[in-house]
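Shown next, in structure tokens, is the structure this report addresses.
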């Protein structure tokens with residue numbers, strides 16, 4: 001069995017983590033989109049969902 005260099009294994013691990021994180025980043029709601037902080041993913045890209053007390057949904061905004 002051939003030996004695999006450690007540097008190559010590190011590269012593969014970083015590549016897998018990068019691909020996984022890029023999928024999570026794309027799965028967010030942009031500013032101005034409808035959101036619901038009680039439901040779960042997808043979340044606002046900004047991390048903030050502004051919901052008025054009389055509405056069932058919120059709007060993604062910057063803090």
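Every residue, even glycine, has its Cβ placed from backbone N, Cα and C.
Under DSSP, residue 45 (disulfide bond) is assigned to coil, being neither helix nor strand in the three-state scheme. Summarising the annotation, Swiss-Prot assigns disulfide bond to 28-45 (among others).
The Cβ of residue 49 (disulfide bond) has 20 neighbouring Cβ atoms from other residues within 10 Å, across all protein chains displayed. The disulfide bond annotation in Swiss-Prot covers 35-49 (among others).
In this structure, residue 60 (disulfide bond) is part of a beta strand by DSSP. With a 10 A radius on its CB, residue 60 (disulfide bond) counts 21 other CB atoms from all the protein chains. Taken from Swiss-Prot, the feature disulfide bond covers 44-60 (among others).
As annotated by Swiss-Prot, signal peptide applies to 1-27, with the evidence given as experimental evidence.
Taking the disulfide-bonded residues 28, 35 in turn, the residue surrounded by the fewest other Cβ atoms inside 10 Å of its Cβ turns out to be 28.
Listed in sequence order, 28, 29, 30, 31, 33, 35, 60, 61 are the same-chain residues at least 6 apart in sequence whose CB falls under 8 Å from the CB of residue 44 (disulfide bond).
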